[in-house]
Amino acid sequence: MSLKFDFSNLFEPNISGGLTDEDVKSVEEKVTSAVRNFVENTPDFAKLDRSWIDSVKSLEDWIINFDTVVVLGIGGSGLGNLALHYSLRPLNWNEMTREERNGYARVFVVDNVDPDLMSSVLDRIDPKTTLFNVISKSGSTAEVMATYSIARGILEAYGLDPREHMLITTDPEKGFLRKLVKEEGFRSLEVPPGVGGRFSVLTPVGLLSAMAEGIDIDELHEGAKDAFEKSMKENILENPAAMIALTHYLYLNKGKSISVMMAYSNRMIYLVDWYRQLWAESLGKRYNLKGEEVFTGQTPVKALGATDQHSQIQLYNEGPNDKVITFLRVENFDREIVIPETGRAELSYLARKKLSELLLAEQTGTEEALRENNRPNMRVTFDGLTPYNVGQFFAYYEAATAFMGYLLEINPFDQPGVELGKKITFALMGREGYTYEIKERSKKVIIE
């Protein structure tokens with residue numbers, strides 16, 4: 001079954017101040033042009049090259065020997081792997097025995113240089129049965145170079161050959177990591193040159209860890225393929241990605257500068273984190289394609305249902321009406337728990353109901369309350385968390401991001417706003433060729 005998108009609560013008369021047919025007509029031609037551009041100049045991420053799967057599967061006989069895979073990556077290299085792991089494996093996967101995992105690997109993702117995070121992962125692994133997947137497209141990402149150095153040092157301290165416990169995923173031609181592969185003989189996978197990190201989850205960047213923990217990567221690609229095909233339809237009513245872009249573009253022009261994605265499943269929360277990077281880094285731009293200052297973008301916010309009904313929904317219902325809210329809903333959970341009869345009349349309404357019934361009722365109630373308060377919202381329904389459905393989700397939102405970039409007349413595939421911070425970091429850490437002097441603040445406000 002495909003994902004189902006319900007955009008009804010974004011439109012008049014379902015909410016006051018919602019989108020109208022006239023609003024849609026005003027940008028329909030531009031959206032159609034965005035779709036045609038996507039078809040005629042299909043981005044590499046949407047081509048789903050078969051070699052991506054084949055290159056990963058060529059390592060399967062080697063990978064199956066490891067009890068644990070530790071991904072060392074940040075940004076898209078980390079978030080894509082986390083999204084796959086949490087959405088398509090049980091939440092307690094890494095606590096299961098190898099037998100309970102049917103021989104597949106545990107997967108940990110170190111996506112930060114927080115020493116507590118790195119230590120907590122190292123404390124839980126046996127280097128002798130661990131593979132470190134070092135991922136950096138540039139081959140020089142400071143955070144990944146640091147964690148690579150630590151992991152290599154540990155392997156060498158155990159008397160292990162790093163080449164037998166490390167897999168490097170990087171650019172096919174350039175960068176420090178590719179140089180390492182050529183000089184020292186590490187096994188490697190390629191990050192496609194035309195695919196940016198935040199669009200790379202369906203490439204070897206994400207596929208390796210997915211295969212290692214038993215996720216059907218062919219089914220993942222099949223879902224994405226079908227979604228990309230629908231994303232090439234010019235009829236907006238048959239194209240979920242185009243409708244996502246159209247509605248969010250119109251609402252951005254109406255002052256809705258925040259995009260909330262609220263997942264009603266703990267397993268989907270890293271899908272939301274993945275979306276946050278995709279939407280923020282792709283669309284938050286100072287300049288348009290003409291070089292004019294526009295300072296555009298829509299701030300993505302993460303929420304978890306029902307948890308955040310008790311922290312954020314008050315604001316969403318009665319605070320500034322500056323948000324478009326997307327619900328992620330799962331109809332069928334992998335496991336169920338029935339609430340028992342307690343004998344108390346006050347709790348009888350819960351007796352013999354499934355926990356999932358309560359969770360889905362809370363999603364419906366939250367959605368309806370927002371509609372009553374004229375807060376625009378939409379829903380994406382998964383019949384279950386399967387590789388096919390998750391592949392669709394990735395593809396639809398990647399296509400929607402490309403369409404949104406076209407509508408905003410910006411480049412959704414670069415990220416110039418992150419470069420200065422990187423350069424300053426390199427300078428502070430003493431990297432050759434980088435200098436930066438932090439200026440003394442003329443006014444200081446410091447409280448201890």
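From the backbone N, Cα and C atoms, a Cβ is placed for every residue, glycine too.
As recorded in Swiss-Prot:
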- Glu281: active site, proton donor (ACT_SITE)
- His310: active site (ACT_SITE)
- Lys422: active site (ACT_SITE)
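Of all the active-site residues listed here (His310, Lys422), the one with the fewest other CB atoms within 10 A of its own CB is His310. Lys422 (active site) falls within a helix when secondary structure is assigned with DSSP. With a 10 A radius on its CB, Glu281 (active site, proton donor) counts 23 other CB atoms from all the protein chains. Cα of Glu281 (active site, proton donor) to Cα of His310 (active site): a distance of 29 Å.
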